[in-house]
Amino acid sequence: MKNNYSEANIKILKGLDAVKKRPGMYIGSTDSRGFHHLLWEILDNCVDEVLSGFANTIAVVLHAENQITVSDNGRGIPFETHSDSKISTIDTVFTYLHAGGKFDNDSYKIAGGLHGVGASVVNALSDQLQVTVKRQGKVYRSVYENGGKIKQKAHCIGNAKIDEHGTSVTFRPDPKVFKKIHFDSELIRARLKELAFLFKKLQLTFVDETGSGEKEVFFTEAGISQYLDELNADSKQIAQKIFVSGTEDDIELEAVFQFIDGEDEKLLSFANSIRTSEGGSHEASFRQSVGDVINNYCRKYNFLKERDKNFEASEIREGLNGIIKVNLPEKIIAFEGQTKSKLFSKEVKAVVQKLTQKHFFQFLERNSVDAKLIVEKLFYNRKLRQELKQQRQIKKNLSNPKAERILFGKLAPAQSKKVAERELFVVEGDSAGGTAKMGRDRFLQAILPLRGKVLNVEKINNKKEAINNEELLTLIFCIGTGIGNNFTIRDRKYDKIIIMTDADNDGAHIQILLLTFFYRYMKPLIEKGHIYLALPPLYKFEGRDKKARYLWTEQELEQYRAKHSHFNVQRYKGLGEMNADQLWETTMNPMTRKLIQVKLDNFIQAEKQINVFMGDKTELRKSWIEANINFSSEN
């Protein structure tokens, strides 16, 4: 490092250069979530027009070559020359950071876009972007390239009908910023469907030109009540839905929640239509208010005696499913960072508290049968938690005798003392487990073979059954975080937990059993990106040169067959068919292996998949595995 630190070392990033230099500061990451975030930003700008009452249709079209168009029938971006920038307002919005109508309290009373930087950030991180505006009987267009450089400044390209208005943005993420760009049509559908739930009678359309090309329409009459019905579709409801709505101090709240027969809490929250996946002030106030109402009601009607403790938050949250939607004035809305995953606005707390307590207490007073069923469930939760005291010991380290006894002879630990370096391979069977133990990097990689049958946790009644299953209990001890409400992610003993199974139907079934367990009892491991699937090769290919090549797909095999006239092909039926060196080289070596990181991008879709995977209908599970997982067959 040079010691001559002077004014020459200080760089001033002009225009959109700051975004290009540090894209993660603005969109969170440059992986698939990053380029999808660009789409969400443009979509959020359309939604802002809906929130303000100026638009009722939004259209998304996915084109070839990773181009995508988002249109609305809102007011349209003004095209007149801006007084400060001295260029068209369209070009100002798309080439200046912190330029937009959201800094003017009159233009957008409520908005969810990225505080005036969304459009320009998308432009900065796209290699092509085109804006078309219909407004005041004119059609204007601007074209940009190479990260926001003006190719064609805003200019009139024709006339529009006087009642035609709106904005259309077509862009392509910059391949120099994002690797392996591929828009996920299912993810886009899920977001459009979510918006249809959030805004009654808003029409959203989607056309996937890379697929069927058919127009899909998303529209609801009942809004978030319909959303909760879908969330609870496969659950047994304890009581009817509870509705909360009202406006205080220009803050609008709409919420619907329901208690179901289950142990998980499923609470989805939104602020100005933005999904706040990490919660925030609105979610915290809602939870606190629900708990206060329940305890006050139980005291008033003597369900809780004087000697009884109040219900704890963790007891109340088990089986509580709900949707919370708040709309806040732009002047007070505050998110954590630019990606808006957590709401910080303090003003929302009192409003949510007042309205939730009022409506929920009225519901309990007016619906005594439902109230009694809810209270009975809470007492059941309390009784179950008392029976699960042994589970609290799971969070303790592996020095306790029970853990040592359970793990003895099973776990081959990693030697590194640093959690960030350690990997745990959860391996199907003793045979593959033994090979993995011989082939691994002993310093960084731990091996845990699964010897018995993994429990399908979707078919059990409570956590007690999960921790009585030896294979799951071993896994719980090994990971070290605890489960359910006693889960603490900072106690994890590994940074990567890698499921390594055979590439066949049985292997896929074991993967799904384990993923179901992680989803139900250790969900933050998935949310924080710590769960992976190993991808062992399907084939070993040797040509005339006798050099071994490992192939992962049927397509790769066909390509090699076309290039070689003489060859031998071995189809790996299981991990145990590879020796230790081969398993290391193909599946475990961080420099050469292929891993799939398990992600949770859509809550309801995940719920539905889990129910397909692990519910009572085995024919659904079998057909899904056969349709969606390609194991390739021997020829």
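Quick reminder: no glycine exception, Cβ is built from N, Cα and C everywhere.
Among the features that Swiss-Prot reports, ATP binding site is placed at TYR5, ASN45, ASP72, GLY113, LEU114, HIS115, GLY116, VAL117, GLY118, ALA119, LYS340. Swiss-Prot lists 422-537 with the feature domain 'Toprim', giving sequence analysis as the kind of evidence. Look at Swiss-Prot and you will find GLU428, ASP502 tagged as Mg(2+) 1 binding site. Among the features that Swiss-Prot reports, site 'Interaction with DNA' is placed at LYS453, ASN456, HIS509, ARG621, with the record citing sequence analysis. Look at Swiss-Prot and you will find ASP502, ASP504 tagged as Mg(2+) 2 binding site, backed by sequence analysis.
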Cα of ASP502 (Mg(2+) 1 binding site) to Cα of HIS509 (site 'Interaction with DNA'): how many Å, rounded?
10
DSSP, reduced to three states, assigns LYS453 (site 'Interaction with DNA') to coil
Tell me the Cα distance separating LYS453 (site 'Interaction with DNA') from ASP72 (ATP binding site), rounded to the nearest angstrom.
53
Any idea what the Cα distance is from GLY118 (ATP binding site) over to GLU428 (Mg(2+) 1 binding site), rounded to a whole Å?
46
Tell me the Cα distance separating LYS340 (ATP binding site) from ASN456 (site 'Interaction with DNA'), rounded to the nearest angstrom.
36
Under a three-state reading of DSSP, tell me whether ASP504 (Mg(2+) 2 binding site) is helix, strand or coil.
coil
Among the binding-site residues ASP72, GLU428, ASP502, ASP504, whose Cβ has the fewest other Cβ atoms within 10 Å?
ASP504
Quick note, HIS509 (site 'Interaction with DNA') and GLU428 (Mg(2+) 1 binding site): C-alpha atoms separated, nearest Å, by 11
So GLY118 (ATP binding site), by the Cβ count within 10 Å over all chains shown, scores 27
When a 10 Å sphere is centred on the Cβ of ASN456 (site 'Interaction with DNA'), how many other Cβ atoms does it contain?
17
Identify, among the recorded positions LYS340, LYS453, HIS509, the residue whose Cβ has the fewest other Cβ atoms within 10 Å in this structure.
LYS453
If you measure LYS340 (ATP binding site) to GLU428 (Mg(2+) 1 binding site) at Cα, how many Å is it?
40
Whole-number Å distance separating the Cα atoms of LYS453 (site 'Interaction with DNA') and ASP504 (Mg(2+) 2 binding site) is 17
